[in-house]
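Asker: Right, I'll just put the structure down here and ask away after.
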Amino acid sequence: MQTIPIKHVGNDPLVDAFQRRYYYLRLSITDVCNFRCNYCLPNGYQPESNKPSFLTLNEIRLVVKSFANMGTEKVRITGGEPTLRKDFLPIVETIAQNPTIKQIALTTNGYRMAKDVAAWKEAGITSINVSIDSLDARMFHRITGIDKFEDVMRGLERAFEVGYQKIKVNSVLMRDLNDADFNQFLTWIKDKPIQMRFIELMQTGEMDHFFQQHHVSGQLLADKLINAGWTLQSKGLLDGPAKVFKHPDYVGEVGLIMPYEKNFCASCNRLRVSAKGKLHLCLFGEEGITLRDLLQSDDQQLQLQARISSALQGKREHHFLHQGDSGVRANLASIGG
């Protein structure tokens, strides 16, 4: 279990040594996922014996409280598949009770969306990202290991019906699998308020061969968009890592997440807490800094905030993916991608 000494960090608790400010917390609430995506957990979720349990509702309240006290305004709930937790709605409601948190986003595989999305909205979810890696049901099944394409698409329709104005759809484009779907996705969003986000396949410890076989450069997609008349938009304070493109003839937008791009880390504004209570300064890199011993009481808030602030001073300027170094991350499910 890694801890760090607490040191004085000045008056800006969520500013790192490179003057990047962190307004955005990605909070994983479970490692469990019921899909078996070939780029993430191809063998499905494998529970580990004798490992710590996932954060409790009260621990989640306390960690969000500390981050909010330090300036965080957006929380994204991730997993695994976060909606598999039986207390998912109470978790959302608890986060929503914090007046500093302006946005509560959810990343989901969409498995429960058709049935539950109205309840998610009522509980406080302000925006949804749903993973749809292909618009072809057979390819969707091949990539995810689950024959639920129609259910997910019904869930997407239902999300619009209950009042979400725009949905973000995530797709990991992979050579010789779904890269040919790129143009089909663009046609699909022409008259739909969807931000179609293409995520560049990332190398992890367990997936080196898969990466070498299927990686598609995000820059190739960016060049295609620009040549077709799409224009790059400026980023907002609470936006994620995607480069967003718009076209005058399209209702939808395109987002590109390109971690191998030069200066990808320059605008980083997010920190991660794993489902077992570790602070991760980067998706790729360190093993995490334990917070859980300071998530037992409201009386520990100042200690917790000091630990987070001090840890942030050790955040690196950038990852080393471009050098083939994916850090210690075996897969992306454990800290929510």
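Using the three backbone atoms N, Cα and C, a Cβ is placed for every residue, glycine included.
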Asker: Which candidate from Tyr39, Tyr250 does Swiss-Prot annotate alongside Gly80, Ser131, Met202 at the S-adenosyl-L-methionine binding site?
Answerer: Tyr39
Asker: Figure out which of Cys40, Cys282 sits with Cys265, Cys268 in the [4Fe-4S] cluster 2 site per Swiss-Prot.
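Answerer: Looking through Cys40, Cys282, the residue Swiss-Prot assigns to the [4Fe-4S] cluster 2 site is Cys282.
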Asker: Of the residues Lys166, Lys168, Lys192, only one is listed by Swiss-Prot in the GTP site with Arg26, Arg76, Thr107, Arg270, Leu271, Arg272. Which is it?
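Answerer: As annotated by Swiss-Prot, Arg26, Arg76, Thr107, Arg270, Leu271, Arg272 share the GTP site with Lys168, chosen from Lys166, Lys168, Lys192.
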Asker: Take the C-alpha atoms of Arg26 (GTP binding site) and Cys282 ([4Fe-4S] cluster 2 binding site) and report the distance between them in angstrom, rounded.
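Answerer: The separation of the Cα atoms works out to 11 Å.
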Asker: Roughly how many angstrom lie between the C-alpha atoms of Tyr39 (S-adenosyl-L-methionine binding site) and Cys33 ([4Fe-4S] cluster 1 binding site)?
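Answerer: Rounded to the nearest whole number, the Cα-Cα distance is 13 Å.
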Asker: Out of the binding-site residues listed (Cys37, Ser131, Met202, Cys265, Cys268, Cys282), which are within 10 Å of Thr107 (GTP binding site), Cα to Cα?
Answerer: Ser131
Asker: Of the binding-site residues Cys33, Arg76, Gly80, Met202, which sits closest to Cys268 ([4Fe-4S] cluster 2 binding site) by Cα distance?
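Answerer: Ranked by Cα distance from Cys268 ([4Fe-4S] cluster 2 binding site), first place goes to Arg76.
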Asker: Can you figure out which of Arg270, Leu271, Arg272 (the binding-site residues) comes closest in space to Cys40 ([4Fe-4S] cluster 1 binding site), comparing Cα atoms?
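Answerer: That would be Arg272, nearest by Cα distance.
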